[in-house]
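Take a look at the structure set out below.
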């Protein structure tokens, strides 16, 4: 030991720490030698004869390289090898190096390599493994090697020139003192990343970090996880973290001795008995855990708190939320829940629950995989853990992901049922009937279009699949939920149904698509724009859904104009040939022809023929001649609602005047019975009153709106994690939760004025309505202030700047204060001293180089060794954080208030750049942002819908009513959604975005049909509008409800919320379209409005006859006269067999 001395105080006396084997300088406290324990063989004889031939050996074997060296009894000559003596190492390092060298030689892994180089490498590894590492330069200095090969970024497969550049960058950073105090790992990773980015072999930042993470087992994330060091209350992430809430089955005190023992048994079971196996190796919690002060964190507070509660006299009273044990303060708010205090002494009388944490490593691909496997075993073991006294709820970092996936697992079987329901509904809507002379209906197997309906659903599926593939190629994440509507399919088939059957197929297709063009465009534009607007939200989930849905609708529209249109042409050709709609190889028979055939032919082969259709026009003012109609007048009047001239004898599908005998029996029911009932004065008054009640209750519901999607609502109803969240809310979120507050610009903390201001700010947080007061604070500056009088009898205000930071550094080095080490980010500065000595390297120099923070630079040209001594000193605190205990944090409203309040306090003192954080904050941000985003989507959607109405349906009154109906429907959906105990969250936001498009469907066509009607009386105008569109609107609503009805019994809040909100949208929208809107239109029907919008019709065209004007779909512009062929008007009706459906 004579060669060991302090480099700064060579004459100072050294103190030996026998427990640790360290030699410490009395002057400065520098550890100049650690682990100085002679573990070599030592022979002792306890007989009186000093020359006894039977001495006893203690220590290590004399020669580990010899077989049975551990049992050797002969005494060999003393001495150590040259390299060990030169580098001032102990014998155990040399023995370890010899063993490594022997293993290398035996495996012949480095056959042919220089033995000196191999021996030096073994010595280097042995030093590192024993905790006394030597640098490459030191190893080279004591060996016969002249150079070394550095292994740099080998795992990334980078070329040599990139490695050379990275080495140069790292060396330059060190030489220019740019990385003082930084971890060598972070420097190396940064150098690799910079070098790769400047080359053709680019690597991502994660790759550069992983290159070193794998080697040194350090996570690039949370500071509290650095070097596998865990501080549970200070963690900002819960990756690979397992949590258990333990309560009593009788809901009693968990601090009772019997319960405490049961909890300790549970903790021991988790730590020691839950294991996994991989490649024959068993891993338990102790093998995978993160450490606290180099020890595996195993919830030691359980034993401490239980002992303090059972025996308060020797250990001290158990106060709340902090207790003192062995001069250390313990925060109990995160450990004990449901605490009840003695009103007099303030001590804990009982507690209802324990909160236990088990943190695993995640800093490396293999460790992360093992930890994830252990988490699943942890879940399985504790869900089956049996204890008569304990009740457990568990949670781990994979719980939300695994339980969320159950939503889709539960929905997938329902998807097939929904798909079949839509196929059946669409098929039934595509079936048409013909009547025989006895008035009996028969299926028209010629004109029915079930295959087209099925093809429309298949086309929608193709659109969804294509959009998923396209966006996946573009790198957009996959979205499991996509909405596609099928309106265009049914509009196209309906338009073909109303064309002249005897006309050529090309002409029929041209006219059908011309009729449906505007309607199809409106449907697509409203849907695409509504979801396009939805993309500009703050929620990635909604953005993703809107992106996929918008693209899917565009692609589906393309398929409808190509794939479906082609099938429509084929159907028209088969119809012209009187072929069967399902089996075109079979010919159908007319009703007259089937009378002589059996019942199967009449049921399945009856059809209509184009030759049976009368080609006469019912208008007496005209005559048909070879398929053309004579002009009605020499001049063609203009204006909406005005008669036009027809070049083709295409029977008008709609009259602009109400016709009591027109349409299907359902349409006639709405026209002849429902509309007159709706227009009665007492009915109008009742409906207006009902609408006012509707608005009132909707607004009342909006006032009590609940915002945000709570974590528990992400789970399926039978998830085990629901009980965990319930216990968390019941026992821990009412009081005891800690929020982290970070001061990112704290200023000079040695200044008393600055400290006083910081104290006042901390008091504002602690004494806020949601703060627990000073008892809930964990603030290192308070502890430092109390530490100083005990440490050196000084008061914090008596210290100047230099002494303040010197004492702060000493404070953080004490064991009881180590929990604050990650709460303070110190700012260092460095001083350098230079001197020159002989270049010879002796044991004293190497020892002092290793023990002090000096670096050695050897200059081969000058035969001198220039030494630079670096002295580090604290010059300030860059940032710090503290923990603030809070209360009243259980509900979403409480969490929102707490978050808002703390952020306002932080903003109030912006000069300190204060940041607050709790892991529930991201959910709270969602609560806060939902309503502004919903309002933004509604306003933007309304503007887009009005723009579409003005462009494609140029009627000002129609645009006004469309806007009002969108607003009214959305208000009703939000209000009644709240009354139905639903929150405003991402799910309901998506539904509201969809409701914008629905609002247009429910209101735009009704409003426009009313305004373009030629009738003067409001009753007739309402009869026309409802007779034309009431049934199609109900059909569309029924199809949508049928599509989501299968989701009503899924055990998931999100799925049920989707079903409920869609149901509200459909019901409220349909009622608006066929009840509220017609009444409001008739009440506000002023004559001046109609004269402005609908010019007076030329009386020359209307004597005692009804002029027929084609209007395939009310709400659209009239086509030109040349587009309409001849047919009989009495056989045509508005939307006679319209098929209108929605699917999700």
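Backbone N, Cα and C atoms are what each Cβ position is placed from, and that goes for glycine too.
Caution: TrEMBL annotation is automatic and unverified by curators.
What TrEMBL says about this protein:
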type     : residues  : note
COMPBIAS : 67-80     : compositional bias 'Gly residues'
DOMAIN   : 2-33      : domain 'TFIIB-type'
DOMAIN   : 421-570   : domain 'SSD'
REGION   : 43-89     : region 'Disordered'
REGION   : 1103-1127 : region 'Disordered'
TRANSMEM : 415-435   : transmembrane segment
TRANSMEM : 451-484   : transmembrane segment
TRANSMEM : 516-536   : transmembrane segment
TRANSMEM : 542-570   : transmembrane segment
TRANSMEM : 681-701   : transmembrane segment
TRANSMEM : 934-953   : transmembrane segment
TRANSMEM : 960-983   : transmembrane segment
TRANSMEM : 989-1012  : transmembrane segment
TRANSMEM : 1024-1046 : transmembrane segment
TRANSMEM : 1058-1081 : transmembrane segment
Recorded stretch that, among 415-435, 934-953, 1058-1081, has the most CB pairs under 8 Å to the transmembrane segment (960-983): 1058-1081
Stretch contact, the transmembrane segment (681-701) with the transmembrane segment (1058-1081), Cβ-Cβ under 8 Å, 3+ pairs: yes
Tally of DSSP helical, extended and coil residues in the domain 'SSD' (421-570): 105 helix, 8 strand, 37 coil
Intrachain neighbours beyond the transmembrane segment (542-570), with Cβ under 8 angstroms and 6 or more residues off its ends: 451-452, 455-456, 459-460, 462-464, 466-468, 470-471, 476-477, 479, 481-485, 488-489, 492-493, 496, 505, 509, 512-513, 520, 524, 527-528, 531-532, 534-535, 933, 986, 989-990, 993
Per-region confidence, the domain 'SSD' (421-570) (mean pLDDT, whole number): 81
